[in-house]
Each structure stands twice: as C-alpha cells, then as structure tokens.
6 protein chains.
Amino acid sequence: MASDPSQLQDFCLLPSDAVLVNGFVCKPPMHVTADDFFFSGLDMPDNTSNQLGSKVTLVNVNQIAGLNTLGISLARIDYAPYGLNPPHTHPQATEILTVLEGTLYVGFVTSNTNNGNLLFTKMLKKGDVFVFPEGLIHFQFNYGPTPAVAVAALSSQNPGVITIANAVFGSNPPISDAVLAKAFQVGKDTIKYLQAQFWVANN
Amino acid sequence: MASDPSQLQDFCLLPSDAVLVNGFVCKPPMHVTADDFFFSGLDMPDNTSNQLGSKVTLVNVNQIAGLNTLGISLARIDYAPYGLNPPHTHPQATEILTVLEGTLYVGFVTSNTNNGNLLFTKMLKKGDVFVFPEGLIHFQFNYGPTPAVAVAALSSQNPGVITIANAVFGSNPPISDAVLAKAFQVGKDTIKYLQAQFWVANN
Amino acid sequence: MASDPSQLQDFCLLPSDAVLVNGFVCKPPMHVTADDFFFSGLDMPDNTSNQLGSKVTLVNVNQIAGLNTLGISLARIDYAPYGLNPPHTHPQATEILTVLEGTLYVGFVTSNTNNGNLLFTKMLKKGDVFVFPEGLIHFQFNYGPTPAVAVAALSSQNPGVITIANAVFGSNPPISDAVLAKAFQVGKDTIKYLQAQFWVANN
Amino acid sequence: MASDPSQLQDFCLLPSDAVLVNGFVCKPPMHVTADDFFFSGLDMPDNTSNQLGSKVTLVNVNQIAGLNTLGISLARIDYAPYGLNPPHTHPQATEILTVLEGTLYVGFVTSNTNNGNLLFTKMLKKGDVFVFPEGLIHFQFNYGPTPAVAVAALSSQNPGVITIANAVFGSNPPISDAVLAKAFQVGKDTIKYLQAQFWVANN
Amino acid sequence: MASDPSQLQDFCLLPSDAVLVNGFVCKPPMHVTADDFFFSGLDMPDNTSNQLGSKVTLVNVNQIAGLNTLGISLARIDYAPYGLNPPHTHPQATEILTVLEGTLYVGFVTSNTNNGNLLFTKMLKKGDVFVFPEGLIHFQFNYGPTPAVAVAALSSQNPGVITIANAVFGSNPPISDAVLAKAFQVGKDTIKYLQAQFWVANN
Amino acid sequence: MASDPSQLQDFCLLPSDAVLVNGFVCKPPMHVTADDFFFSGLDMPDNTSNQLGSKVTLVNVNQIAGLNTLGISLARIDYAPYGLNPPHTHPQATEILTVLEGTLYVGFVTSNTNNGNLLFTKMLKKGDVFVFPEGLIHFQFNYGPTPAVAVAALSSQNPGVITIANAVFGSNPPISDAVLAKAFQVGKDTIKYLQAQFWVANN
C-alpha cells in the first residue's frame, strides 16, 4: 500500500524457512519460478453458510510469495442472499472493490469530524467500482435475493483486517464489560448479550 | 508518522489562506517565527464532565503550524474518576502514552488472527509508558477514585481518530439497522437501543 | 503503490480547478460525496478492433477523484481472439491481474542479471491470478479463438504506462535511426521498417 | 519518524537473538505479551550531576521492543538548576517537547539560508510545548534556580543523537586540529583547548 | 532513490554471510571501517570494445557495502567514438548524468500521453548535466570521433537496469515470436532477425 | 533521497509562480522542455578565495526544475591548496563524493555510541569515491599544494546544508554565550572569540 516499503530488487520471494523481519525475507532469486507469482481458483465461489452469509478469500503475500515488497494484494468476496461483509477496517490498506455479480449496498464512515462521523453509501450493481480509504470502517451488504460476488484489490501485500464486532465484543480474552458498558453507554446486560453472540470472522 | 511524507525543507508552515494539498502548503519561510512551533497550556486540566468522563486535548498541525510535514503530534488526556477514553483507532498513527497522574487500565486488540482478536491489557501507574500500534483498536480506563492524566504522542502530524461507538452506532446518517443487526448478530431492537444512546466524541 | 506518498487525512479529492502538485490538490471535504469514490461500467466490453486486438480501460485517479493519495487503481483489459496487450512497463506500479474470461499467455522479463534477462511465463485460465512486479516489461496474449477479459489492480493512484514499441519506434519525434540501429544491432533499413508500422497505444 | 519504513503487520517485536536488518527482525507473534509494549519509571528523576547538569532517559525501541517499525519514541529530560541539554541534532527524527516542571530557554537553528543560519528561541514554562524540526541543531537550557523536567517525543523508533561538541571536539579518534582550526577560523591552541574539555554525553 | 526505505541507524553494512531481506542485512557496527564506504578507480577508463562501443562501471551497494539503506549510487560510463549506451530504464531510480569528457547526444521518452510518447533530447558537452526521470527509457550516444566519459548518480542503492533490446529480443528464454511480431506489427522473419543479433549488456 | 516523497507522474516541473508546498508544485507538462532537465558549466572551477579555500556549486531543484520529486541532486566542490569544506551535515541526504582532481583527506563522525562519536577518515586520490551517510557530520580537506576538485551526488532534490561552525557560533541572532560556554565547557571569553571569527558559508 502507500506505506509499504518499496522494493530494492525486482522481487523478493519467501524462502521456506523465513526469519520474521518487517514483511518477509527473500528466497534466493535462482530458486524463483513463475508459480511464485501465481494463484488459481479465484473464479470458484466459496462457502457462505455462516452467520454473516459471506466469505472472503484472501490472495495476499501468504498465498503469492511474489507479492512480498510489492504493496498490493487481492480478495474475492462471496455474498449469499442478504449476506453481509460486516463493518471492518484494514489498518494498513485502501480497498478498491469491483462487483462481478449481483448488487451490493456499500458504505464507509469517516474519522471524527466537527459534523460527526460521516457515512458515505452507494448501491452498486455488476461492473460498479467503489473505493474504501485506508483505515476507515466500511461494509458491503447484499440486499438482493441472489448471490453476489466482488473482487477487491488492497494497497498492501498483507492488509490487516479488523472486524469491529469481533474485536470489540469477541476479543480473546474479552474486553472488560465495565469498559464496554461505558463506551457504548448501555448496561452491562446489553454488553453481555452482545458478547454472547459468538461467531467467527468470515476471512 | 511512519507513513507521513518526509519534508523537503527545514519546515513548511501553514499560510492563512491554504490551498488543500495532501497535508498543507507552506507559509513563506521569512514569515515564520518561533511561535509557529509553540503551544501553551498542556498543563491545564480540561473539562471531563461528559458521559465518558474523559477529555482529549489535541496538539497537532492544526494547533502548531510548524508540525506540517514533520510526522508527529501530541495529545493530553484527562480522566475523571472512572472516566474512559473509549475504544478507538488512529488510522494513520501509532500512539505512545505516558501516565502523568493516577492509574489507568489500558488495552489494545490485534487484527484478526487464527486465534481471534487478541487483547493486550496492562494496569498503568504514574510514570508508566504504553504503546498502541498504528490502526489498532485501543482504550484507557481510569479505574481509580481520583482523576488521572496522560500525555500521548502520535506518529503523524494529523492523526485521525475513529471512536468505534460513534462511527458504528452514531454515524451521520446512521448505518442501516439491517446491516448492524446482522453485523452484531442481535435484533434490530438492540441496535436501535444502541443507536439511541446519543453522545458526542470526547475529542 | 509502494512509493505513493501516504495520505495525511481520510481522503483528498480533486477540485475542478486543480493546481498541479505531486499528485493532486484536494477538494474541500464538505464538497465530497459517495460518487467521488465511484466508477461504473467495468463490466462492459470495450472495442478491441485495433492492430493489437486489445483495449485497456483505466480506472485511476483521473476517473475516481477519491483515489488521490490512496496508492491503488484498476484497469479492465479486453482481448479479441489472438489479441495482445504488448510488452510495456508501469514505471511506478506493480500489477496483479485476474482472468475473468478466456485464457491468456502472460509473462514478464527481469532486469539485467548475470544470466541475462530472465523471462517468466504462465498460461492462465479463468480465475487465475498473476503478478507483474513494478517497473518490469510484461505482456498478455490471448492465444485462444474466443475473447478474453482480465481485471488488473495497480499499486499506484496513477500508474504510468510505457508501451515499449511505441516509446522506442514510435516516439514523437522519432529517436534517431543511428541510435536505434546500433541499439538493436541491425541496419537502418530495418529500423525505418519498424518505425513505419505506425499505430496508437491501446490505453 | 516520517521516514521510518512502515509496518507490514500489527507489530514486529525483537527476538532475543536478533539478526541486524534495517531496524530489527521480529519475535514470533505468539511470544508477544503486553510487557513488550510497556516501560516503567518515567516519573523518576535521573541523576543530573554531570558537567552539563542534565540527563536524558531514552525510551526507544531498545527499551520497548514493541516500538519496532512504529516510527515513534520518547525521552525524559532532567535539568539541574542552570542545567543544559547542549546543541545536538537527531539525524532521523523531529522532536516535540513538553515542559513538565520548571522553565526552559529553548532554541533551534535553521540550515544555511541567504540570511545565514536563523536562530528561533522561546522561553518555556510548565505546560508549554515546542517543536524541533528533523535534523536541525537545537538545545534546552534551564535558566532557573530550580530543577526542570521535560518529556520529548521523537518521530523515529530509534532517533540518533549527535551532540555537536562531542562529535566535533571529542570524537574517537579526534578530528585533525588542522581541519578544526580552519573550520572555526581560530588557532590550533584554541582547538586543543576545546578538545581538552573531555566529558561524556548526557544520554 | 525516492522510494528506498530510510535508514533506522547511521548505516547498515553487509556481513559476509547475508540473509536476503528487502535490500540487505547489517554487519555489526563494531566491524565497520572507513573502507566500507570507499571505492577506488573511477578515474580509469573501462574497455569499450563491444558491439555498442560503451561500458558502464557500477558503484552501488554491491561495490560499497556502506550504501545499504542510503538510497544513492554511482556509475561511470565510457563511450568509444560513436559508442552508444542503448535505450534502457532503471525501474527504481532517477539518473543525473555529468559529462566529464567529449560530447553526448542524450534523450529520454515519456510514458504514454495523449500526444504519444514524447522524446526529449539534448546535445551535451563537457560539464553539462542532464536528468533522466525514474523509470523512463533513455540513452546516450557519442556522436563524436573522440572517446567520451560521463559519471551518473542514481537515486537508489541498487538501481535495476533493463536494456530494452536485450529484454525484448534477447531474453532467456526468448519471448514468443508470435507475441513480438504482433507487438511490433512486423513479420516473424523480422523478429527472428532482431532476435538473432545476439550480444551482451554493457553493464 | 531515501525519504523524498516519490513522484506520481513522469516529472513535475516548477512553474514561474509557485505556491509553496512540501517541495514544489508542477508546471503544466505541455510547457516542459529538455532544458528543464539541463544544467551547464559543472566543468568550470569556482572562486575559492575565501577563508576556507573552498567553494560548493549546487545543482539541485533550484538549478534544474526537472529534479522536483526525483530525490537526487549534485554539487561540484573546488578546493584551493589546503582548502577545507568544513564540518557540516545534510539533514535530509546521503552524499557520495568522487575526486576528479587532487587529493582529499575526508571523514565523518557517527552519532553518539557507547564508544563515543566514532570518526571514520580516508585519504582520497583522483578517482576515489567515498560515502557520507545521511545526517552525519563530515568534512573534506585538501592537504595538498595543488587545487582539488570533487563532484558529490546527494540523495535529495534539495539537500539542506548545516555548516556546524556557522550554525553554532555564527547564527542570526547569536546563541546565548551562557549556553555555548556550558555546551563546550569553556569560558565565555573563548565563546566570544569563536563568535568573533565572522565568515560566510561556502555554499
């Protein structure tokens, strides 16, 4: 992404036994092949039978070693009818999403401003493109009765994902209910109810 | 911060009539004075009588024009007894916090991992320092019966702030309750209850 | 891309009357709407009836003002049967390409090494993904008898394109035939023949 | 600081046996704890009984492993009455200083301009904040009869410090007196006298 | 170059047994000597008896370990009478060239624009300086009957070089003649003829 | 230099009436000519009859508009017999120097280490190259009885220069002698003597 360090050689592949640096170390170039830049199967729908009715298939430096230092990655997102990719942020990447099939209601919220947190939304149909700026909370919802599919490009080789509901109400261990009750200005019973809706992230 | 573009001169001040570029344009150097690098009053407690019992006083490029292009800023945070600086993120800055008075229970949550969203917490006393990595959700809570004060440095001249509760349940306009009900796996009544707790950000 | 300067605010839109800075200046945020992050029609095939049998539809900061400072952009590429997206480079961006329809023979060439300029190639089918590292010469060729379609994401808001044949043999004005004859180790007649094959870029 | 490479993951801790890369390598995330982001004792005065009457306590990536890749660090500075933090530069960081106790006379000098090297100074009292732009020579002097304390944030995980007097007149080995005599336009006797004032840095 | 990650210490030398990271790892500072920042012999003409009549002598991080992380390097270029440094790009560096002896006809070509690929050329004599922007195709030609010499500085510790003729017509293995014939809009016989002019790069 | 923001287009020239941004704004590309990338006369010796016996001729973005955003610049340095380019730093650039004529004694000093400020020196002859890392204090001295000439490349379009003697003892206005007396551990009389040696920078 904009803040990925730039490469100092044509490319830098992951060896099988990587030391952990900021990003990854490189495989000796003579061991590099075209397959190190390749991924297959992005045309295959993934299983969306979960509480959210959506599934994210990541194609980042963990799937394509050749992306190391190159500052970009992809994801395919499948949405069941009425499926949701819930509010989340990518702390280190901007996302540009293209709808391949179906219709999606999408939006993002700005950081705090004098006018509050502004919500920008759009109804997208096949062939529409939308941008979610780096670090802002955003979502996509399939209002329609048919499945939807989108491909998203992200401006980092390894964009983090923070699913808000999971991070706030499902962290490991949980955040103190005293903190959350005051943060959301509700009673601890409501917080415990929210924390009780256990579910896993869709990515 | 780590991803602020670097300066191409000693400093770059804001003129009174700035065109908006990425960051800000510069005031002609001959018009620069020491006061352009100066801010006063960070020793003064701010008013914490709000729902959260906390108040953030920002000292960034909007308060000190000389910070433009320099990649750093400050904030003073006052906490009433049992006051909370609620879960929030800085999309473009890491924060390093120092407790000046009182005790604080602080924490941050990692992005999604195979082990979920890991929570790291610590009880801090006067003179303790803690780091909240860029883009991660974090909070500070004053458990104690006495006021607390902290100073935070942030790795950007203009760190954004996203208060999670405000951005998710208090955006302008509100996020559709259909989206939020599915995102948090609760009924729309619970969402409406959460959205009804109107309050303003503490910064 | 990896080397785009990072944003210093949530986003930075182009005003109608932009001064030219490195990138672009910003539209006042209060004038920003969801449409500033939106583009439509990427599902529509473009006209490939040219000498190459291919056409690139760009979706960068010139089409989506909201991409300014965000370090990413898109392109749709249509290929007629036996159509070619000829050898070219993006001086400031890595490309990650996904095949939406058809099959493509793709490749890139490394910079000079002790083993010469190494060629990496792959035959791609629908759903396959391939990476072309920043600044390297690469191409895509539709060997098949049916049209092909790909979407490419690029790690810059405004990736340059240098089509090698155009830049070397079709520049304006032309490069001296004495230079080109020696560069390619052939006679001036061959150079004149190559320069005579006038055609326009496919983007 | 502005030019620290940005992180490619939430955080990157130092293992006990680090290979030296640009910055540091990472500890496996599963070995990370809250204490990796923690430092304690910044409220404790340090010993200022040295020739300068000042002492700098560093809190950077060497004290807090979690700061690796995050582009920020801290320092506490204690000043005895009439104590001085002498002219120095941070080659890779901007500094923003807050006075916690006492009064300080501070200043920095610009790089060479047509009007010479401009000096900007300010008398600071408790609660005042001042910025020293990256790479410029700056100092703080406690004019008052009482001790002073300041906390400084710096825009790098590992800001270098170059104490001018030490680097120019106390280097190891010494700079040739022929060079220094001509540089300062004085006799070698004056240079030898300056070199003879042996003392150690206050950080 | 502009996009080299910045240093996080004074310098970072290569050890004898380097792990490959993005760039290089560091030698322990106590093993560093002045010779790690030193190269000798740039005043010696190199052998230009090759098909191009030119020779590039590189002085980058591979010759001077101390250049690691510092974002700059050098090259000396010798030109026989009528010698050519053929069209090439540096994918990750801008070049600034100074003529030390003789005269050179130099030029670069812009990326694709609405007016095509614009060629900028200049006849240079001893003491003239010219800039070749990052990633653009450029060349230098010694029209004169006497040898010429230039020194070029490049904005990366390890600027890649892509010699266009070699990369396009001399890659290993060769690019398919079907691809090249369509790319250059000529017959396969012309492509085979161009591919047959085997020669090695001059750097 | 390593921390110059990267370009977002082929090049970005200065218009005659520039607004000051971080760096400079761009001239409309259609007004660009080859002369915008050109400088002449670097082969001409400059006048070294000053107290230092040296003169620096700068070739940066102020002389070559085309260098804007490109992260590199040049300087020619002339040295009279026994001439000195005195201890100075470039706060935002690494320097790589090549000796064209004569011999030079050069050196740089590291930032503060546990072993003090380490001095690295080398005697250079014609054709020798030496690197001065970003932000470190360095100098060149012509020990010989004949003039010397060097060309230096710097990793920024606009490298600042801080001449230590001028910045510390010749600033405008002067730094308080109380500060300098304590900083150098000498009497105010010595400081006044040093401040009295008025002279101008050689660049």
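Placement of Cβ uses the backbone N, Cα and C atoms for every residue, glycine included.
Quantities reported herein were computed from a predicted structural model and do not represent experimental measurements.
Marked as disulfide bond by TrEMBL: C:Cys12-C:Cys26.
The domain 'Cupin type-1' annotation in TrEMBL covers C:40-192. In the predicted model, the domain 'Cupin type-1' (C:40-192) has a mean pLDDT of 93.
Following the DSSP three-state reduction, the secondary structure of C:Glu95 (oxalate binding site) is strand. Annotation for C:Glu95 (oxalate binding site): same-chain Cβ neighbours under 8 Å, separated by at least 6 residues, are C:Val131, C:Phe132, C:His138, C:Ala152, C:Ala153, C:Leu154, C:Ser155, C:Pro159. Residues or ranges marked as oxalate binding site in TrEMBL: C:Asn85, C:His90, C:Glu95.
Cβ neighbours within 10 Å of C:His138 (Mn(2+) binding site), excluding its own Cβ and spanning all shown chains: 23. Annotation comment: TrEMBL describes C:His88, C:His90, C:Glu95, C:His138 as Mn(2+) binding site.
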Could you list the residues of the same chain, at least six apart in sequence, whose Cβ is under 8 A from the Cβ of C:Asn85 (oxalate binding site)? C:Leu52, C:Ser54, C:Val56, C:Ile77, C:Tyr79, C:Phe139, C:Gln140, C:Phe141, C:Asn202
Across every protein chain in view, the count of C-beta atoms other than its own within 10 A of the C-beta of C:His90 (oxalate binding site) is 26
Setting C:His88, C:His90, C:Glu95, C:His138 aside, what same-chain residues sit with their Cβ within 8 Å of the center of the Cβ atoms that define the Mn(2+) site, listed in sequence order? C:Thr89, C:Ala93, C:Phe108, C:Phe132, C:Leu136, C:Ile137, C:Pro159, C:Val161
Within its own chain, what residues at least 6 apart in sequence put their Cβ under 8 Å from the Cβ of C:His88 (Mn(2+) binding site), listed in sequence order? C:Ile137, C:His138, C:Phe139, C:Val161, C:Ile162, C:Thr163, C:Ile164
